[in-house]
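What TrEMBL records for this protein:
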- 93-111: transmembrane segment (TRANSMEM)
- 146-168: transmembrane segment (TRANSMEM)
- 180-207: transmembrane segment (TRANSMEM)
- 227-244: transmembrane segment (TRANSMEM)
- 256-276: transmembrane segment (TRANSMEM)
- 348-371: transmembrane segment (TRANSMEM)
- 383-405: transmembrane segment (TRANSMEM)
- 411-429: transmembrane segment (TRANSMEM)
- 441-469: transmembrane segment (TRANSMEM)
- 497-621: domain 'STAS' (DOMAIN)
Amino acid sequence: MEVHKVVAPPHRSTAAKLKTRLKETFFPDDPLRQFRGQPNRTKLIRAAQYIFPILQWCPEYSFRLLKSDVVSGLTIASLAIPQGISYAKLANLPPIVGLYSSFVPPLVYAVLGSSRDLAVGPVSIASLILGSMLRQQVSPVDNPILFLQLAFTSTFFAGLFQASLGILRLGFIIDFLSKATLIGFMAGAAIIVSLQQLKALLGITHFTKQMSVIPVLSSVFHHTNEWSWQTIVMGFCFLLFLLATRHLSMKKPKLFWVSAGAPLLSVTVSTLIVFVSRADRHGISVIGKLQEGLNPPSWNMLQFQGSHLGLVAKTGLITGIVSLTEGIAVGRTFAAVKNYHVDGNKEMIAIGLMNVVGSATSCYVTTGAFSRSAVNNNAGCKTAVSNIVMSVTVMVTLLFLMPLFEYTPNVVLGAIIVTAVIGLIDLPAARHIWRIDKFDFLVMLCAFFGVVFLSVQNGLAIAVGLSLFKLLMQVTRPKTVIMGNIPGTDVYRNLHHYKDARRIPGFLVLSIESPVNFANSNYLTERTSRWIEECEEEEAQEKHSSLRFLILEMSAVSGVDTNGVSFFKELKKTTAKKNIELVFVNPLSEVMEKLQRSDEEEEFMRPEFLFLTVSEAVASLSLKGGPSLNNV
């Protein structure tokens, strides 16, 4: 067999290595490649298009595209108006704030966002987190002005954090919210949101301020004397209607407009019923009079000092991460369906600036909602102009239609919220996780039960903590496998995976499948020693020749640090005492360079013990006095 020489990596300066590492960490998409070799005018145009994605598609915009966007914009507006009012109440904010948040943020996103399908506005999970966290210290009933100030300030911090992630290219931070964590968290939050609506659906006046399931159910059954049969009947009827329209649209996607228009129709019909029958005088609570006009400025309400600064920063951080994760996931989902690219860093900047601007214009945390985006996509949207059309529709509502919502019953808003959040419970995805990874399923359950029985933030913290624990286990306990030869080939594979693979007498072939660093070097020392002892015992039992060579297959060792280098040095000393030669197979350039630097006396990086493949190593060493391959 021809043996190929292992070539030392070309010399690179420390600055060059640092440059490459920083580029791969913060600029894996290489955003500057589009400017190379271009004239200054083209560079300026492309820079403007990169910062403002609207400039990419606006010059080619046509009347045909406008027709589609107008239809989809009006459709999502019919959904956004009742949802905006409902989600604001979920966040313990005045209902008008929900409409404000459906007016300004979509305009900002249309200019800065890169998704064509993302429909922007308030969402249930962010509303729940915002309201529940702020209510722990400030009562929205006893001190509504302070509560509103803290909500706007939390929105500012959320936007600042989101935009900073995009500008600093730190979007990988949100990847710590794994799919299993999000599925469990969303399902638990959906249960909590739905249970919170029992106050409106049953007409209860005195309701618990806690969010977990036990206090909520206890409050429901301890105030049965406050249940209103009129409210229950109305709520049940409209909830049944909304669920039926949702089911119809899921079965027949072409009828998406049925479920999209159902919330606005429910609000209209219920408002007429209450107004005509004066049901507000007979136990059915209504929204009441709403302020007319566009968003008033709120930058003077932002609170950057005082005892609540830590609370708003924490609330902004958590709502920012959750809403950003949801928005980017939704945008990428529809981009994959339509085969176009969504830039994650641009989305972070767009959503972040959208919330920063929103905090100064009486808006609270907004992002891309899956339900609205799905309707937007099904309605045939072509560009972000659909968000502009929705925003204009909300503007008209704010200016002229506010008096029409005065008699809207709260029970219908509760029914709208329940119908919207049911879609967050993804049972098929949970079954899929169970089939693939049991530990991920455990993480999902911890997120779910943590949210349901403890609190939203505690449930999220537990799930993230378990995910990080799993990651640490993979880092500190890397996989090492013993490899054997598949008869009749030069291929070496895991002995425990390929049952026909056979170990070569006199050789122990180990594959280390991770970087070697301070976190796992001690474990690898112990595990390798155990492999050697077990191999020597096996050789003795089968009366083969003694172990002569330890071959380390290092294709998967992408890096080493000082502890990693020490591991290899100690391993060389240990094997030398046992008259075993340490052999390296296919060390990567970074690993090889560091090992060569540390091997000043050329103890263990000798050319005769460096090979490109395991088969070449075994063949060459067998000829030099090792056991013959024919002994397999």
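From the backbone N, Cα and C atoms, a Cβ is placed for every residue, glycine too.
The DSSP breakdown of the domain 'STAS' (497-621) into helical (H, G, I), extended (E, B) and coil residues amounts to 58 helix, 21 strand, 46 coil. The transmembrane segment (383-405) is in contact with the transmembrane segment (93-111), judged by 3+ CB-CB distances under 8 Å for residue pairs 6 or more apart in sequence. At the 8 Å Cβ cutoff, the transmembrane segment (441-469) and the transmembrane segment (348-371) share fewer than 3 close pairs (sequence separation 6 or more) and do not count as touching. Listed by sequence, the residues of this chain that lie at least six past the ends of the transmembrane segment (348-371) yet keep a Cβ under 8 A from its Cβ atoms are 79, 83, 88, 91, 93, 97, 100-105, 108-109, 112-115, 118-123, 126-127, 130, 151-156, 158-167, 171, 295-299, 302, 319-320, 323-324, 326-328, 330-331, 333, 420, 423. If you count C-beta pairs under 8 angstroms between the transmembrane segment (411-429) and each of 146-168, 180-207, 227-244, 256-276, the highest count goes to 180-207.
Distant neighbours of the transmembrane segment (146-168): 26, 91-94, 97, 130, 133-135, 138-140, 174, 298, 301-304, 308, 311-313, 315-317, 319-321, 323-324, 344-360, 362-365; these residues of the same chain sit at least 6 beyond its ends, with a Cβ under 8 Å from one of its Cβ atoms.
Listed as Cβ neighbours of the transmembrane segment (227-244) (distance under 8 Å, sequence separation of 6 or more from its ends, same chain) are residues 200-204, 259, 262-263, 266, 270, 273, 279, 282-285, 409, 411-412, 414-416, 418-419, 422.
Here the transmembrane segment (256-276) has Cβ contacts under 8 Å with residues 75-76, 78-79, 81-83, 85, 234, 238, 241-242, 245-246, 248-250, 284, 286, 374-375, 378-379, 404-405, 407-409, 411-413, 415-416, 419 of the same chain, all six or more residues outside its ends.
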